[in-house]
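In what follows, a structure is listed as structure tokens, so that the remarks can point back to it.
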């Protein structure tokens, strides 16, 4: 029955005349207020949306949105980790402005989001699935690792990444929770279609294509398993899956080496292992696309597609073994470049917009669609002027209202320094900590899209220019110092709360395999760090 539903959804859009779709999406709705559906995936590499159709993985519904809406070619996360990135999207503010430092410290539970604002202005609202923008979530291990990242020890904190196959060629529902939430969302859309008098905003958060938990890691397991079924894996032309180039371990930037080690990626991998991880990840992206398709199909079936804005994006990307890492927590393209597609009323089809944008821009965009006044003190800019700027299928020029730079920051686990990225005209500048204690990196994406050559030492004048601009946006040495103080305070509070059981608890976190080789030495390293005045 599930297989039949998927096939029916695909049939609807392969059989629906293209001119009918274009006409439906361009007509002004009778109700001046349009609906909005936002689908936010987790860990979706935005570069996949830039590829030719079916080149690496079959993504029919993303391609449908590309054809009938707008694709942002340069969309970036404001923090390559779950909770802070989502806090930026919901608040419209850079993470340092809300002190969203890690997966445990984000927005307060009563923080007014853009959805709260549109609800007060007459919209019916619904949030379903993964939201993950409030403080207090994620595992104990995750937060302790984030707090202690400045301690000078090196411990593996993640399971070794692996690829697992489940089910058979007819199994479509691998991520059961996502499918359950999509079923709830489609039922909600069907019910909303019966009420034509009140517009709605629907948010749906997916878990896919985030790696699955690795329960073999013990009590405090992380997520390092790329899991899919043969049904989705057949959507990936295996011969097209590439093996990324790696620098020798001894040549890696020190923060990259720390990340590779803590992510359990410094041991040898066979080409087969790497290719499987990447292929399975792409298959997980195909399943996420199928979930998006259920939402688009529901809007089409209920006659709401023509008066609904559909947004597809992600909190961050996935490295999938690029730069000898998996997961995110990095400013490399696989981790920081996110998908962003928008289609809906009055959006010209087939647009490819080159202006660099980020998640904070969705806050004012949602408010503008809702006809609500946009606050002046936010970090983002509405994307609506860009979306209505061009009526042809060529790349739309940059609009002066929106700056042509993006900023991202990271303060969580699996990286041993606060990290800041400035993207400006295809230059990517990455600064760390206080700007002096850790060397920066600079990449020319126009000639080095794989980011294998750090040219910071070759063009010092460009480094100086980019660093000056970054400091005009964020006083990053001051922010790094604040995070350092926060980490110490929170760790001390947690240690006091654990009491006499501290030694046992800290030894059994995700790093337990390494920790238990020299437990006393690691405890002493933490004690020395707590007492130090150095602000890294």
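Using the three backbone atoms N, Cα and C, a Cβ is placed for every residue, glycine included.
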From 42, 150, 256, 361, the one annotated by Swiss-Prot with 82, 315, 316 for Ca(2+): 42
N-linked glycosylation site according to Swiss-Prot, picked from 300, 501: 501
240, 264 - residue that Swiss-Prot labels as N-linked glycosylation site: 264
Of the residues 164, 416, the one that Swiss-Prot lists under N-linked glycosylation site: 416
Protein Cβ atoms within 10 Å of residue 253 (substrate binding site), excluding its own: 18
Residue 264 (N-linked glycosylation site) to residue 195 (N-linked glycosylation site) - Cα separation in whole Å: 52
Spatial neighbours of residue 416 (N-linked glycosylation site) that are distant in sequence (at least 6 apart) but have CB under 8 A: 149, 150, 254, 255, 258
Alpha-carbon distance [residue 253 (substrate binding site); residue 377 (N-linked glycosylation site)] in Å: 36
Residue among recorded positions 82, 130, 195, 253 with Cα closest to the Cα of residue 501 (N-linked glycosylation site): 82
Cα separation, residue 195 (N-linked glycosylation site) to residue 253 (substrate binding site) (Å, whole number): 56
Cβ contacts of residue 130 (substrate binding site) (under 8 Å, same chain, 6 or more positions away): 40, 42, 205, 206, 207
